[in-house]
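S.K.: Take this structure, written in structure tokens, and hold onto it; I'll ask about it next.
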Amino acid sequence: MNKALFLCLVVLCAAVVFAAEDLQKAKHAPFKRGAAPCFCPGKADRGDLWILRGTCPGGYGYTSNCYNWPNICCYPH
């Protein structure tokens, strides 16, 4: 019983370490977390696709958008 409990504790600690490492890599991702590249008709640049959102999130400097139901493509500046 003690060996099984110790093994569960080791697995839990390893999961926490690997999860924290993955979060550090996410900070250096090529695009914003939660957004994927998208294109709208009539726009030359690439936008950020936000899945299952009705509006563009605040704090990213988005100034225009287009809808691809149920998603939204948001454009900065």
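Placement of Cβ uses the backbone N, Cα and C atoms for every residue, glycine included.
Per Swiss-Prot, the features are:
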type	residues	note
DISULFID	Cys38-Cys73	disulfide bond
DISULFID	Cys40-Cys66	disulfide bond
DISULFID	Cys56-Cys74	disulfide bond
SIGNAL	1-19	signal peptide
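Help me picture these features in the structure, burial and contacts included.
M.R.: In sequence order, Cys38, Phe39, Cys40, Gly47, Asp48, Leu49, Trp50, Asn65, Cys66, Tyr67 are the residues of the chain that are 6 or more apart from Cys73 (disulfide bond) and have a CB within less than 8 Å of its CB. Secondary structure at Cys73 (disulfide bond), taken from DSSP and collapsed to helix, strand or coil, is strand.
DSSP gives Cys40 (disulfide bond) a coil state; it is part of no helix or strand.
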S.K.: A 10 Å Cβ contact count, applied to the disulfide-bonded residues Cys38, Cys56, Cys66, Cys74: which residue has the minimum?
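M.R.: Counting other Cβ atoms within 10 Å of each of the disulfide-bonded residues Cys38, Cys56, Cys66, Cys74 gives the minimum at Cys66.
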